[in-house]
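S.K.: Below are the structure tokens for one structure; questions will follow.
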């Protein structure tokens with residue numbers, strides 16, 4: 001696997017920079033999980049910047065268990081035909097053939113996702129070989145930079161998708177922010193040692209120090225269920241928000257979807273966030289993350305190599 005070089009990361013005409021520029025277009029937006037063309041249209045009308053096409057939302061994947069794979073390409077194409085906004089779809093970690101299929105049918109972004117069953121316990125997909133931008137999850141700076149070195153054009157927190165509990169997304173966002181702040185005052189020798197410590201390419205660690213942030217967009221994901229959740233993640237420095245089960249497992253999906261979009265747009269205005277939070281109907285019941293058991297393979301946020 002050819003890792004991302006410093007030249008690729010900074011050259012505006014490199015394939016990586018072109019793909020990361022496409023992801024930049026989603027900045028400040030909300031990406032919503034959908035399972036039908038009708039849901040996709042609801043998301044688009046609510047102001048979503050993109051949709052994630054799935055056969056089952058994460059809450060149902062948790063509930064029914066079994067092996068979770070890439071969604072049916074025919075179903076994904078139906079959603080692509082139903083909306084004008086970008087369409088994403090998930091593949092299993094390491095399953096490069098699923099990614100080849102999604103690229104072939106024309107999805108706009110591919111999410112190499114821990115929500116699905118892992119296909120390769122040793123390797124992630126070499127994302128630099130694809131024309132389509134990839135999204136990957138992270139829990140800390142090391143994971144984020146390893147995924148970027150493989151070609152990921154967009155990063156998201158892992159959180160705990162399908163729970164409606166935002167605690168892990170908050171933990172992961174704060175962890176990345178803390179580590180970025182930590183390296184700001186490091187000299188070159190310390191940077192070299194720290195890059196080895198977090199198992200990340202030195203060139204990318206230097207780039208993070210220079211920028212004071214990740215070199216790609218960084219979205220919140222996993223457990224975001226309310227306008228307040230979304231606004232909090234934005235105030236923590238996220239570039240946008242993924243919302244899955246929190247919308248279509250709620251009492252009034254269309255109204256909640258619009259409210260979350262407004263909360264992300266006006267995240268620093270408590271008056272607007274308070275207003276859009278009124279009368280949304282029942283939120284998804286959710287699962288307290290503390291009740292999840294690793295032995296049942298339900299703690300998706302722990303999946304990483």
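The backbone N, Cα and C atoms fix where each Cβ goes, glycine too.
I grabbed these lines from Swiss-Prot:
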type	residues	note
BINDING	33, 162, 223, 244, 245	D-ribose 5-phosphate binding site
ACT_SITE	90	active site, schiff-base intermediate with D-ribose 5-phosphate
BINDING	174	D-glyceraldehyde 3-phosphate binding site
S.K.: When DSSP states are folded down to helix, strand and coil, where does residue 33 (D-ribose 5-phosphate binding site) land?
M.R.: strand
S.K.: Return the residues near residue 244 (D-ribose 5-phosphate binding site) by Cβ distance under 8 Å, restricted to its own chain and a separation of at least 6 in sequence.
M.R.: 32, 33, 52, 57, 58, 59, 161, 162, 221
S.K.: What are the non-local neighbours of the residue listed as 'D-glyceraldehyde 3-phosphate binding site', defined as same-chain residues 6+ apart in sequence with CB under 8 A from its CB?
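M.R.: Looking at Cβ-Cβ distances below 8 Å from the residue listed as 'D-glyceraldehyde 3-phosphate binding site', excluding near sequence neighbours, one finds 236.
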S.K.: Measuring Cα to Cα, how many angstrom lie between residue 245 (D-ribose 5-phosphate binding site) and the residue listed as 'active site, schiff-base intermediate with D-ribose 5-phosphate'?
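M.R.: So the Cα of the residue listed as 'active site, schiff-base intermediate with D-ribose 5-phosphate' lies 15 Å away from that of residue 245 (D-ribose 5-phosphate binding site).
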S.K.: Just counting, how many other CB atoms are there within 10 A of the CB of the residue listed as 'active site, schiff-base intermediate with D-ribose 5-phosphate'?
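M.R.: 27, counting other Cβ atoms within 10 Å of the residue listed as 'active site, schiff-base intermediate with D-ribose 5-phosphate'.
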S.K.: Given a 10 Å Cβ-Cβ cut-off, pick out the one of the binding-site residues 162, 223 that has the most other Cβ atoms nearby.
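M.R.: Of 162, 223, the one with the most crowded Cβ is 223.
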S.K.: Work out how many Å separate residue 90 (active site, schiff-base intermediate with D-ribose 5-phosphate) and residue 223 (D-ribose 5-phosphate binding site) at their Cα atoms, rounded off.
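M.R.: Checking the Cα atoms of residue 90 (active site, schiff-base intermediate with D-ribose 5-phosphate) and residue 223 (D-ribose 5-phosphate binding site) gives a distance of 17 Å.
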S.K.: Other than 33, 162, 223, 244, 245 themselves, what residues in this chain have Cβ atoms within 8 Å of the centroid of the D-ribose 5-phosphate site's Cβ atoms?
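M.R.: So the extra residues in range turn out to be 57, 58, 59, 161, 163, 164, 222, 224, 225, 243, 246, 249.
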S.K.: Based on DSSP, name the secondary structure state of residue 162 (D-ribose 5-phosphate binding site): helix, strand or coil.
M.R.: coil
S.K.: Indicate whether residue 90 (active site, schiff-base intermediate with D-ribose 5-phosphate) is helix, strand or coil by DSSP.
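M.R.: Looking at the DSSP assignment, residue 90 (active site, schiff-base intermediate with D-ribose 5-phosphate) belongs to a strand.
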